[in-house]
Amino acid sequence: MIGAGSWGTTFAKILADGGNDVVVWARRPELAREIDEGKRNSDYLQGINLPRSLRATSHLGEAMRGAEQVFVSLPSQTLRSNLDAMIPYLGPATVVISLMKGVEKGTGLRMSEVIAQGLPIDPEQIAVVSGPNLALEIAREQPTAAVVSSVSPATAVAVATSATNRYFRSFVNTDVIGTEFGGVLKNLIAVAIGIVDGVGYGENTKASIITRGLVEMTDFAVAYGADPQTLSGLAGLGDLIATCESPLSRNNTAGRLLGQGYSFTDVVKQMDQAAEGLASVTPILSLAEARGVEMPIVRQVSQVLAGTLAPKDIAPHLTTDDEPQGERTRGERTTDDGQGQGRTSVWGSLKRAFDQLRDGGGSSRRDRP
C-alpha cells in the first residue's frame with residue numbers, strides 16, 4: 001500500500017482482514033512506526049485498531065519488494081512525481097491499483113492514464129477501485145461494497161478477490177473510464193452540496209442538485225466512452241449518495257466551508273487532507289468543453305471557488321433554466337446522425353445501485369461479483 005492517509009490505511013486494513021500479507025509505505029518514519037508497532041494511525045484514523053498482521057515502513061523498496069499487487073493511495077496531483085521511485089521495485093507481473101479519485105491538472109488525465117504513462121507495465125496490469133467508500137465507516141467495519149475495474153477481466157477478479165472480506169465486497173467490471181470518472185465527478189457534485197448546506201438551504205435543494213448532478217456525470221462520462229450503466233452503479237450513483245450525504249466527506253466539508261463564507265485559500269488551509277474535488281474542477285470543465293458537454297453545476301462551483309459567484313446564489317441557478325424545459329433524466333450521447341445513445345434513467349440508476357448492495361445477488365450487468 002503506497003500511502004498512509006485515511007483511505008490508504010483503511011484499504012490496507014481491508015486487505016489484511018481478507019487474509020493478505022500487507023505492507024504500508026508511509027512517507028514519515030514516525031507514522032510508519034506507529035502503524036507497524038502500535039497498530040494505530042492517530043493522524044488519520046483515530047480510535048481504530050489496525051490488524052496485528054499489518055506492517056508498515058518508510059522505505060519504499062521494503063514495502064514493494066515481492067508484491068504481487070501494489071495499491072496506490074496518494075493525492076492525485078502528486079501521483080506522477082512518485083511513480084519514478086516505484087519503477088525499480090516493480091516485478092514483471094506486478095499489478096498496480098489506483099485508489100485515487102481525481103484527474104491530473106494540466107493534462108486532464110485519469111489516474112490510470114498517469115500510471116500507464118509513468119510505469120513500464122501493460123494496461124492489463126492496471127486496475128482502479130471506486131465506490132461509496134467513506135474511510136472511517138469502513139475502518140469501523142460497517143459493511144459496504146466497491147467496484148474493481150480493469151481492461152483485463154482476470155486482473156479485476158484477482159484484485160477483487162484480495163479486496164473482499166466479511167464487511168467489504170468487491171464487484172468487477174471492465175469499464176475503467178466510467179468507474180474512474182464516476183469517482184471524480186461525484187466529488188464535484190459533493191462540493192456543490194456542501195456549499196448549499198453551508199448557506200443553509202434544505203433537503204429539496206440538495207435533492208435537486210444530486211439528481212441533476214447524476215445527469216451531468218453521465219453525460220460527461222458517456223462523452224468520453226463510458227458505459228452509462230456504470231454511472232448507475234456503485235462507482236457512480238452509490239458513491240454520489242455517500243459523498244453528498246455524509247459529513248465524513250472531505251469534498252462535502254470543503255463545500256460547506258465555502259458556503260459559510262470562507263475563501264478558497266482558507267478552505268485549503270483548514271483541510272488536513274486533500275479534497276480532490278477542488279483540484280478537479282478546472283480540468284473537468286476543460287474536458288467537458290472539449291466534447292461539448294454542458295455542466296452547469298460544476299461551472300457554478302468553479303465560479304464560487306473563483307469568488308465570482310456568491311454561495312447563496314448557486315442553488316437557484318443550478319435548479320432552474322432560463323426557459324421551461326422538459327426534464328431529462330437520461331444521460332445521452334448524441335451521435336452524428338442526431339440519435340441519442342447510452343441512455344439510463346434515474347430510477348434505473350437507483351434500482352441498480354441498491355440491487356448491487358443486496359447480499360449475494362441482483363448486481364447490474366456491468367458490475368459482476
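Backbone N, Cα and C define each Cβ position, glycine as well.
LYS101 is the only one of LYS13, LYS39, LYS101, LYS312 that Swiss-Prot places in the sn-glycerol 3-phosphate site (with GLY131, LYS186, ASP239, SER249, ARG250, ASN251). Nearest neighbour of SER249 (sn-glycerol 3-phosphate binding site) by Cα distance, taken over the binding-site residues SER6, TRP7, ARG27, LYS101, ALA135: ALA135. It is 12 Å from the Cα atom of TRP7 (NADPH binding site) to that of GLY131 (sn-glycerol 3-phosphate binding site). ARG27 (NADPH binding site) sits 24 Å from ASN251 (sn-glycerol 3-phosphate binding site), counting Cα to Cα.
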